Amino acid sequence: MSETTTPGGPAAVPDPAGRAPGRPRSERAEKAIIEATLDLLAEESGVAGVSIEAVAARAGVGKTTIYRRWPNKEALIVGALAAAKTPLPDPEGASLREDLLAIARAISAERRHRHARCFWNVVGGAEKHPRLYARYRHDVIEPRREVLRRVLRRGMERGEMRADLDPEVVIQLLVGPLSLKTPQDRLPADFPDLLVDTVLRGIGTSTGTSTGTSTGTHSGTSTGTGAEETTHP
């Protein structure tokens with residue numbers, strides 16, 4: 001077996017796993033930075049309490065380690081939020097109702113995530129930090145809303161949803177009631193199902209969509225328009 005030698009040094013033995021030197025350490029540092037950012041963001045001061053210096057101190061890294069990955073505080077916060085936000089399922093079930101149920105249940109489950117308050121604090125500080133909020137919407141929220149748009153378009157194509165409706169309004173109706181409550185507020189376990197069925201009664205065609213429950217609730221239409229001010233899908 002031949003070995004590659006370096007001038008004046010011992011034979012260089014390649015890593016059998018093919019790992020680049022320092023990679024695990026780099027990943028640990030990145031995870032620590034993200035966790036520190038989210039922890040600071042969840043505190044009472046919210047966005048104002050996050051700084052490169054504070055994150056570096058809490059993560060136990062140097063500021064240059066942060067700047068190598070994120071050029072500024074805004075990019076760091078958005079990157080941390082993107083890492084914490086679980087992608088929405090992109091279902092293609094047997095019906096519009098099945099697809100919407102999968103998404104609504106996923107959004108509802110996020111309320112129990114330990115980082116849920118981070119998103120509330122960013123949205124609550126939108127007026128003070130408009131550039132940060134705009135970037136958050138573009139990088140984190142819009143890809144998730146596009147999942148909902150695809151589901152609704154499929155529903156229209158299959159004749160399950162009225163073609164004269166604006167998908168953006170329907171998204172607001174679905175997401176708003178799930179987002180307007182604070183993470184501490186408890187929702188009934190079947191709330192996502194009740195919400196989807198209530199909205200479907202208003203957007204479905206007479207033959208294309210059937211709901212799984214006869215219970216009527218008004219939560220979908222009374223709070224839907226506030227979704228943009230909260231955590232979004």
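Any Cβ shown, glycine's included, is placed from N, Cα and C.
Predicted automatically and left uncurated, TrEMBL annotations should be read as such.
It is 51-70, from the ranges 51-70, 71-90, that TrEMBL records as DNA-binding region. Residue counts for the domain 'HTH tetR-type' (27-88) under DSSP (helix as H, G, I; strand as E, B; rest coil) come to 45 helix, 0 strand, 17 coil. Looking only at the domain 'HTH tetR-type' (27-88), the predicted model's pLDDT averages out at 96.
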